[in-house]
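Here is what TrEMBL says about this protein:
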BINDING   50-56, 78-80, Arg310, 336-338, 418-420  GTP binding site
BINDING   Asp51, Glu52, Gly53, Lys54, Asn76, Ala77, Gly78, His79, Thr173, Arg187, Asn266, Arg308  IMP binding site
BINDING   Asp51, Gly78  Mg(2+) binding site
ACT_SITE  Asp51  active site, proton acceptor
ACT_SITE  His79  active site, proton donor
ACT_SITE  Lys184  active site
BINDING   Val304, Thr305, Thr306, Gly307, Arg308, Arg309, Arg310  substrate binding site
Amino acid sequence: MANVNGRETVSLNGEPVVKRPRECSSQVTALRVPKEPQNKVTVVLGAQWGDEGKGKVVDLLAMDADIVCRCQGGNNAGHTVVVDSVEYDFHLLPSGVLNKKAVSFIGNGVVIHLPGLFDEAAKNLQKGKGLQGWEERLKISDRAHIVFNFHQAVDGIQEQQRQQQEGKNLGTTKKGIGPAYSSKAARNGIRVCDLVSDFKVFQDKFRMLAEHFLTMYPNLNIDIDGELEQLKGYAERLRPLVTDGVYFMHKALNGPSKKILVEGANAALLDIDFGEHRLVDRYVSECAPETGDLLQTRGREFGVTTGRRRRCGWLDLILVRYAHMVNGFSAIALTKLDILDTLPEIKVGVAYNVDGKPLPSFPANMDVLTRVSVEYKTLPGWCCSTEAARSFEDLPSQAQSYIRFIEDFLQVPVKWVGVGKSRESMIKLF
């Protein structure tokens, strides 16, 4: 029985009505306000097409980090890090793996080619002591998808088909990343958790996936039994590294105080939603050959993964502003300033025009992008070396003005400036 507005009532099942104690408004408010993670995350992203020097920035920040995470991409991306005059090249391993006090984490968004992972570790171990003990401080998400050798073969076939059908290719690294992500999206991909679990079940899934690609590409050559034997050996090495990535990151975010660093592979303009959808190496502000060759030579601009000569151009602030719209940068790391040391004049892209009319932002349509003409602001160069600078005040006045121009245009502060190859050459402005 209960008394409501002076009348006694009975519950529908005949049981007495139990009055629920009234919760105080502060309790209700507390429950309805989402709880923020205790630990914040610093994310390093490329604002252009990659090759911006992210590895050096990550290496610098990783010195003070507890956890360094790799969140997407595969061994198509490459980061070069110089420590104690030793040059390390990373493709799948987080650049922060050189910090022996930090845990390195390969997240579920990464697609992993296992021969590439272990070969990368072996090659870097031969270069110096920085990578010693890497397996003891690396964790890999059990939900990360695997890149198989046939994914890489399919990548090459698809590039050939594009060249034959369209007269141009996409410009991929042929590392199998696109086909592996296609398998993931089609829900027939295979994850790390499958490999380190029941190998008989894994074999069945592998054979089905291989047959799927053989149906689409009859000329594809797959050594199914040979690759399975190879993968069985990798499974034993991989098993101790694998963890529940969701639970791992939840504990990291909500547990004791930790500094968490995330490094993005590739860059904003390679994103399949926000980037150049049909091309992966277009540069609308590409320099004339004479200046482009100078920048390429001084910057040693060769792809870490492919060895391919990079195309060089002037800083495109329309493009960087677009990347900021997408990502919301809190600060900028302006790398490779020293590459400009010999130039009497420096151009900066400040507007896009198509058919004589201005574009308000970076276009989604790649056909429009091919017709873009870039409007430049010409700034004076400094014609002297910046490599010895270790503070903003050490830089030539023209270099300081160049940095301030970038800040004013983007309305984002420049926090670091790179004037050399090593981590010591990164000048911190604030």
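Each residue, glycine too, has its Cβ placed from N, Cα and C.
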Shortest C-alpha distance to Gly53 (GTP binding site) - which of the recorded positions Gly78, His79, Thr173, Asn266, Arg310: His79
From Thr173, Asn266, Arg309: binding-site residues whose CA lies within 10 A of Lys56 (GTP binding site): none
When distances run from the Cα of Leu337 (GTP binding site) to each of the recorded positions Asn76, His79, Thr173, Lys184, the nearest one: His79
